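So that we are looking at the same thing, I have put the structure below in structure tokens.
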Amino acid sequence: MSVLLLAEVNQGRLATDAVAKTLSALSPLGEVHVLVASGDSEAAAQEASRLQGVSRVLMAQDVSLAHGLAEPLAALIVSLAPAYSHIAAPATAFSKNILPRVASLLDVMVLSDVTHVHDAETFDRPVYAGNAIQTVVSADPIKIFTVRTSSFSAVGEGGSAPIERTDAVADPELSFWVEDVSVVSERPDLTSARVVVSGGRGVGSKEKFDMIIDLADRMGAAVGASRAAVDLGYAPNDWQVGQTGKVVAPELYLAVGISGAIQHLAGMKDSKVIVAINKDEDAPVFRVADYALVGDLFSIVPELTKKLEKQFS
Amino acid sequence: MKVIVPVKRVVDYNVKVRVRADGSGVELTNVKMSMNPFDEIAVEEAVRLKEKGIVSEIVAVSIGVKQAQDVLRTALAMGADRAILVDATSDVNQDIEPLAVAKILARLVEQEQPDLVIAGKQAIDNDLNATGQMLAGLLGWGQATFASEIKIADGSAIVTREVDGGLQTVRVSLPAVITADLRLNEPRYVSLPNIMKAKKKPLEERTVAELDIDTTPRLKVVRTIEPPQRSAGVRVSSVDELIEKLKNEAGVI
Ligand SMILES: Cc1cc2nc3c(=O)[nH]c(=O)nc-3n(C[C@H](O)[C@H](O)[C@H](O)COP(=O)(O)OP(=O)(O)OC[C@H]3O[C@@H](n4cnc5c(N)ncnc54)[C@H](O)[C@@H]3O)c2cc1C
């Protein structure tokens, strides 16, 4: 039995951390082949071939695959599917767009955000914003699922899997890329950062959100946000942590001016250490916080930034 | 142009669900049920497109238990023109899988011939995030998921999507399936007069048998448990104490 892992490529670079974590979820299932399909796949395929537990890299390169559009990618995966017992990918916006389409084309179900693989047909996944965990047995001939990367540790490098070219299939030309708007930053990636500092509605404005960013930069952390902070324009959408945003599990998560709605907790409650800073001592976020600091964030955050600065210098 | 909006009846987003001690599932008796929030956003978008004169008819569809009538009435009160309830189970504990839902919707699409389906991106009960994509696959239509903006022009939809790196804009030829994300719009509150009016709008009942769709589940939920609970930690009284604890006790800085 072989497993096909759909990898994400951004501007020619492999989403290595996500692929490496997904590999540790998939390795017990059998031989893993990584599909690197984009407009510019060479370097990403090389990178994938070095990850441990990869037995083959399938490399497809075509303009139709350049922007992660679901229709041509799903068609490609469907063409490869007969050789596989499982098709999986990290649970990202990229794969959640594609894999359910693949599943319906193959007349099978899809499982999202798998957190534990028991055996070839039995998987755990969270439901109800992580307030319950289901163990699910699939009767489908091909199992298709996305993997919640925060539940797995990354495999290392040192492999040297062969790279095989595979052809893109004809683009169904149902949708067309117009533009990507993304801000490239030097900060660590939210889903793989060791420390995450998140701000909520309590921060009050986009200008004041700089205070959260300063603290994060001081700590070498990624910046996160609650839905309210994103809705209000304090932070971009890709910083949202939660049930319907990103799921993170860093060593340290600081929640600043965030009340702790279940939808937010769903995205961060597996963090190793949680610190909450909130002026309301009854805020639900304190029920999951290891360290609770009750007070005004506008005095606490600058003080924290300053004192950490002192420590590091 | 005609739009179909599928809506699901789910546990209200304000309810913290309780997992049954015997592992058989989540307690659904005497729990407040509402329209899935993402579906509300989808209905709102369809209504706004109608108010702009782009859409002429909105059909809301719900698949599940008879009680899903409630969410269809809400959709009608928001501005949908008519509703279809597909009676798929009498057991409130049975979640109809996205693949089966997509097949039922595909059959209704054949019959209704809409130009667009706007669905919520994810149901907040099973959190699967799959139905819209599956429907697009079955129909051979294009898809634009996680939409935060929709513009309709010249037989296409220009859709801005919320993706992991920021925003992506795609143009998808109609007919197509679009799934709604949180920031697409803010759904209106339904007014009492509109609730009254909605009672007179047509709500048709159909059955899975008559639509001839096999809804046999592919997945078997063998156990549902509570996740490990975190307990509240300690209160620190100053920034200095916090730094000290993070350094010496937690060892994370
Ligand atoms: C379908 C759906 C999906 C959702 N998905 C997500 C998701 O993925 N992620 C997410 O985060 N939310 C999500 N939500 C929203 C969620 O329900 C909450 O509304 C949101 O998380 C609240 O954000 P917040 O904590 O920043 O704001 P609030 O709840 O308003 O909390 C603000 C907090 O700031 C504190 N505060 C104010 N001023 C100060 C000060 N000066 N100093 C210190 N503290 C202060 C207040 O005491 C309060 O606790 C979703 C909701 C729905 C319906």
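Cβ coordinates come from backbone N, Cα and C, glycine included.
Note that the coordinates shown come from a computational prediction; the quantities given were computed from them, not determined experimentally.
Straight from TrEMBL, here's the annotation block:
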- A:3-181: domain 'Electron transfer flavoprotein alpha/beta-subunit N-terminal' (DOMAIN)
- A:R201, A:226-227, A:240-244, A:257-264, A:N278: FAD binding site (BINDING)
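Could you tell me the structural context for the features on the list?
For A:Q243 (FAD binding site), applying a Cβ distance below 8 Å and a minimum sequence separation of six or more within one chain yields A:A129, A:G130, A:I262, A:Q263, A:H264, A:A266, A:G267.
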Sort A:H264 (FAD binding site) into helix, strand or coil using the DSSP assignment.
helix
List nothing but the one residue from A:Q240, A:I258, A:A261 whose Cβ has the fewest other Cβ atoms within 10 Å; the candidates are the binding-site residues.
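Relative to the other binding-site residues in A:Q240, A:I258, A:A261, A:A261 has the fewest Cβ atoms within 10 Å.
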For A:R201 (FAD binding site), write down the residues of its own chain that are at least 6 apart in sequence and whose Cβ falls under 8 Å from its Cβ; none is a fine answer.
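Set apart from A:R201 (FAD binding site) by at least 6 residues yet with Cβ under 8 Å, we have A:S226, A:A228, A:A229, A:L232, A:G257, A:I258, A:S259.
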Taking Cβ distances under 8 Å as the criterion, give the subset of the binding-site residues A:R201, A:Q243, A:I258, A:A261, A:H264 near chain B, ordered by sequence.
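In terms of proximity to chain B, the binding-site residues that count are A:Q243, given in sequence order.
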